[in-house]
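According to TrEMBL, the signal peptide annotation covers 1-17. Per TrEMBL, the feature domain 'Lipid-binding serum glycoprotein N-terminal' maps to 27-245. The feature disulfide bond is assigned by TrEMBL to C148-C187. Summarising the annotation, TrEMBL assigns domain 'Lipid-binding serum glycoprotein C-terminal' to 260-486.
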Amino acid sequence: MAAVGCLLLLLPSLVTASHSPPGCKIRITSKGLDLVKQEGLRFVEQELQNITVSDLHGSEGQFQYNISQVKVTDLQLAFSDLNFQPQQHLVFNISNASISLRFRRQLLYWFFYDIGSINASADGVHIYTVLQLAKDEAGRLKISNMTCNASIARMHAGFSGTLRKVYEFLSTFIVTGMRFLLSQQICPSLEHASLVLLNSLLDTVPVRNYVDEHIGIDYSLLRDPSITTDTLELDFKGMFFPRVREDQELENHAVEPLIKETERMVYVAFSEYFFDSAMHSYFQAGVLTIELQGEKVPKDLEVLLRATFFGTIFMLSPSVDAPLRLVLQVSAPPRCTIKPLGTSVSVSAFLNISLVPPDRPPVQLSSMAMETKLSAKVFLQGKALRVQLDLRRYGWGPMGVWGGSPPHPTHSCLLLCRFRIYSKQSALESLALFSLQAPLKTLLQLTIMPIINERTKKGVQIPLPEGMDFTREVVTNHAGFLTVGADLRFSKGLREVIEKYRPVPTAAAYSSSQPAEPSLDPSSL
């Protein structure tokens, strides 16, 4: 009983460990699957046109025959469908298709030798494939297994040449053999296309890569994909890490994104954890420090600071004219808050103001604490998610717009900003610093914010395969997460991307893979 009790106590932690909330989630809807079907059908046609059928040769009494150089000349895949199948599968079904073939014939009957070509047509072709999707050891989405069933209802062949009547006599035997050989090659061709070629396309999805010289992003899958009859959902870790400590893990306590919409082709959701881990990584990398000295300090602010600390500066003669130095250093990892009305980032920092006399140690005039809440505008640029911080007061309320322009439909709404400073030494000094609050806020907005936004200008790529882009994006805020709803388009075909990353075969491998040319010598039959 004691063991059972201990097990019950451990169950909550085991459940939590087995279901870590994602920092990023992607939902693909049936509309998105329809687009994939159109491009996928073109890819399947290209693969089936490259089918290699083995030579057919043998003898029937005094007849010796050889069928070779079989080539697909035309495909008609009129009826096809691609569907989700719970829990981890995609079903691709082709029915009532036709395949036109052309192949070379050689026939020896006693002393009569005949060569020529045969045009054939395979009708009533049915192909049923089921693709199983799973995450691999690296956390990448893969086609882990494929089942395939192909059949040909009927096949016709047309003959020409001097021994046409003989071929028509043997047509049943030849056509039956060709139908068997062709049906046996369809599934291996599609299996190679899925498990090798399409998986090479999935390899172009970023999993763990560097964002800039300071941080990286981990987009590894937390679990196998979840598939319903209408959607496919992928749970990504969505965690940034500092490059100086790549093994660092930040525990995720944020709300798990919950996507309910199905109107667009794809939805990408980001939790507060996604943004918090980015800011935590920058903090750990030690880059959230900005220094302004000499001419970089705005002139109006310099005059005000010298007036505010006149007594201290006056006592430092002859260093009165020494340049000022302002060092703004974030004191703790910033935190992101996402609400239906907008996104904000809370920042705590220290501002140290010093005189820097030449050839002498810096003299500190003041050290103050700053607390600010910045509005964050989240938007897409291509496949990159970008965040632009702002300290100005914007809002969007039930009575309309106040303090700025209405938010763009591809941006998250903006929240009211907050800014205050106080002394680290005493409340009395905090009162003396009150006159600096407005000028320092202006400094932060006009000088510091552009520097920060320039550093994050590149953004971070959303995990999509190469050749697939977003269109008509809309950013929507929820409680604890935001979603980007969009449609998709192919900027490159599947074949183009696959060929780009296909390994170049060696000369030996290439020559061995080529079908041998049939012999024209009757003695070889």
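Including glycine, each Cβ sits where the backbone N, Cα and C put it.
Any TrEMBL annotation is an automated prediction that lacks curation.
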Next on the checklist: My understanding is the cutoff is Cβ-Cβ under 8 Å with a sequence separation of 6 or more in the same chain; which residues meet that for C148 (disulfide bond)?
Outcome noted: I127, Y128, T129, V130, I186, C187, L190, E191
Checklist entry - Mean pLDDT, the domain 'Lipid-binding serum glycoprotein C-terminal' (260-486)? => result 77
Checklist outcome for this item: Cβ density check for C187 (disulfide bond), other Cβ within 10 Å (all protein chains) comes to 17
